[in-house]
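K.L.:
Quick one: this structure, given as structure tokens, is what I'll be asking you about.
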């Protein structure tokens with residue numbers, strides 16, 4: 001074995017030397033030349049193109065940019081300023097390929113010392129292992145000749161020495177910890193908590209417009225200005241001398257008003273819109289709890305009540321200018337569900353004064369959005385469905401007027417006069433109707449003078465047409481000269497049919513209700529002996545075409561079928577009833593208000609005999625409630641009293657239940673079987689001569705169903 005190893009090394013060294021000599025001399029190479037030539041041969045892929053030298057030398061430039069080719073270029077964002085979606089020009093081109101989160105620990109801390117100690121242990125063990133292996137190899141090489149000479153006698157001591165060295169190297173040296181000079185050293189320990197990210201709210205606004213004005217002021221210009229002012233004063237004095245004393249007073253008043261209006265308009269118009277927005281923001285913060293109740297509160301106690309409900313008071317609307325005026329009319333805006341109009345006047349004919357038209361918004365309960373004043377009290381109003389900015393009002397002095405909310409001045413845009421056929425008594429109700437054949441605006445009015453007048457807006461003028469004159473039946477007498485005299489019926493309320501355009505009902509002070517037609521001005525279609533005192537309100541059911549309701553100061557509310565002259569339901573509320581209103585979400589729910597300060601809510605599908613909610617609304621017992629209106633969308637009602645206050649109330653869940661499904665089939669014995677929510681009962685078919693009737697349900701819009709109203713004669 002030993003003599004063969006040097007021979008191999010020698011042969012390898014000789015081969016290398018011959019190759020070097022061949023390369024230096026440039027003569028013929030040795031036997032490995034063919035292999036070297038084969039390794040340098042180029043290998044072409046089968047699909048490589050064969051190009052000429054000119055094509056190979058052609059240069060193609062590529063420009064590297066920082067833009068991300070995968071970044072989208074069509075991102076849009078909604079611009080609240082312009083109200084449209086706008087394309088974003090700047091797109092983030094940054095692409096993160098790798099990110100790692102780490103932390104730093106001070107070396108002098110406890111955790112830093114522990115990590116250093118572990119690292120030293122690991123590195124020390126690796127180095128000691130390397131040293132042991134290298135020293136063992138050295139010891140083996142030194143001991144090989146000794147073993148050949150000394151034989152087996154020295155094997156044991158060498159092995160023991162190697163083991164001792166290995167043990168000494170394998171045992172790690174523990175680093176000496178630094179002694180603290182101060183034994184009472186204080187170290188603060190802290191824990192890291194998650195910091196919530198900060199939010200920045202920004203808003204962009206247009207800078208206020210600026211104008212640069214420059215002028216030179218010297219003595220000549222100042223002198224000229226004074227001279228012009230003196231000339232103007234002299235001219236005005238000459239004009240005043242020529243005027244009469246009455247004209248002078250009127251002119252002075254007009255000048256003062258003009259100057260005050262101009263100064264106010266210059267100062268206020270610049271900040272009106274901003275002030276309104278700020279006022280609404282302040283009110284939303286002030287009435288935040290009320291707004292939360294309006295949006296989310298539901299009375300949980302309704303589940304435990306026996307089909308009874310409650311009214312939750314929300315906002316209270318009042319204005320100092322209308323403090324001593326009664327609420328004579330209420331009407332919701334057909335377009336904006338948070339806006340409603342309030343008419344102020346007086347029902348006491350001995351205390352008649354001014355009137356006011358106020359428009360409130362639920363977003364700002366502290367102050368009205370629009371204020372219009374009038375010389376005579378406002379007794380009724382109505383808002384146009386297609387033009388919600390037009391408000392028609394009826395005054396106590398018999399005039400009717402149209403206010404335009406788009407025009408800021410307080411005077412009405414159109415007003416009747418004695419020449420244009422105004423009423424001679426108070427106007428108790430006005431109603432917008434469909435436009436006439438020439439697309440002119442049209443509305444009707446009823447008054448105590450017995451006239452029902454149709455008003456048409458033709459070329460900025462109100463043109464009147466008497467539709468019908470109310471006459472008390474049986475009151476016609478003949479005078480000595482043979483003339484027929486009749487007593488005029490005093491109209492107090494009216495309502496037009498929802499489907500039949502020509503049909504309408506009129507309530508009178510005598511307690512009778514007349515069914516009239518726009519086509520017949522000489523006679524009535526039907527007459528109902530409804531009440532013993534004046535009829536305060538008449539209203540058709542919004543879903544059922546035959547049913548209407550009336551209320552009176554004789555403490556009763558009656559529900560009628562217009563094909564039958566006797567009422568189906570009679571409710572005695574123990575006080576004069578000021579107003580009634582059908583609910584917009586159900587054909588069986590209606591509300592009534594009485595002069596003792598209570599609001600009554602009925603649901604005929606639940607209880608046909610009494611109200612499911614009787615609740616006092618006003619603070620004082622002396623206050624009388626005059627009007628009530630349902631909101632067309634939200635589950636709230638507004639109630640007005642004779643002190644000028646309007647209260648908003650939220651209906652509890654039991655007061656706004658949807659009617660149950662109605663199933664009607666005809667049995668073998670000729671009886672109708674009516675099923676309410678699974679239970680059924682048989683009812684005999686009414687005869688044609690019967691004075692009572694059944695109101696058959698129709699499916700109203702929105703998937704509602706109307707339960708059957710059974711024939712009941714009220715509370716008798």
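Cβ atoms are placed via backbone N, Cα and C, with glycine included.
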K.L.:
Which is it, of 168-213, 214-259, that TrEMBL names as region 'Disordered'?
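P.N.:
Per TrEMBL, the stretch marked region 'Disordered' is 168-213.
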K.L.:
Quick one: which of 138-157, 278-297, 298-317 does TrEMBL have down as region 'Disordered'?
P.N.:
138-157
K.L.:
Within the same chain, where does the repeat 'WD' (528-561) have neighbours whose Cβ lies under 8 angstroms from its own Cβ atoms, ignoring anything closer than 6 residues to its ends? I mean 6 or more beyond.
P.N.:
492-500, 505-515, 567-582, 584, 587, 590, 592, 594, 693, 695, 697-698, 700, 704, 706, 709, 714
